[in-house]
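Below is one structure; the comments refer to it alone.
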């Protein structure tokens, strides 16, 4: 079974070909460098870039692969930026019509979950910590068609909090990889920020932690005290990761699952990956090349859904 996977939910244009869930081709063009100066994604510009990039990727794939041999076309339907999702939808329909292949709409978050299935076998039921710029969720997955959210952020997503803290500390965009790099090189003591508490046993709240960090920074400025930006950034990451891990452990104690999965763009965070694997011997993390948005995870999700039928 050969599946073309198309991902355009945010600022990465990515197309992959998977054959029996093995990656045959993966081409991705990121827009991150374009939006560094803006400190975030601008949807209108992103949509225009997707139009340009999706055609560039198509040219690359056509030179190397016979698209007529594809069995299915899968694309990200939701959630994401409306305009960028539309680009992927129109492209998927064009390929479907050109080659007379069935089209499969995929939920972006389910796609992230199945990024782990490319290199690992996922046993059900599974507990997933999904962490990204737009989402922070704990999900119970009984099969490819049965996803249950048992906890989620009530305000900022963890990736959004990283971006906002990074912006306030004038470190740049995107905040996740910048702060993670600082953390890996930091050897000092951590500031003891308070781990958040949210209503609901498995929910998250990152606005309070973000405010703690920003207030600490502002107070230092107002008192004209020395500021160690690296200490503040590293301490924020330490607290954020601890919070994610502790909430996951709490859910794992209640739910009898056969696999524990880390997914989403923030799964690229080095400390989160390390601590997640330490939780349990059933823990699975995605290969770094599948951690952020990519077409392979969309095709992999479609493959799992088709297998289940």
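Quick reminder: no glycine exception, Cβ is built from N, Cα and C everywhere.
As annotated by Swiss-Prot, Fe cation binding site applies to 108, 112, 293, with the evidence given as sequence analysis. For residue 112 (Fe cation binding site), the number of other Cβ atoms no farther than 10 Å from its own Cβ, over all displayed protein chains, is 30. According to DSSP, residue 112 (Fe cation binding site) sits within a helical segment.
The substrate binding site feature in Swiss-Prot is assigned to 130, 131, 132, 133, 134, 163, 176, 180, 269. There are 25 other CB atoms within 10 A of the CB of residue 176 (substrate binding site), with all protein chains counted.
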For residue 176 (substrate binding site), which DSSP three-state class applies? helix
Top Cα neighbour of residue 130 (substrate binding site) in the set of binding-site residues 108, 112, 293: 112
Check each residue in the chain of residue 293 (Fe cation binding site) that is at least six apart in sequence and keep those whose C-beta is under 8 Å from its C-beta; list them in sequence order. 7, 9, 10, 11, 12, 14, 28, 108, 265
In sequence order, which residues at least six apart in the same chain have a CB under 8 Å from the CB of residue 132 (substrate binding site)? 112, 157, 158, 159, 264, 265, 266
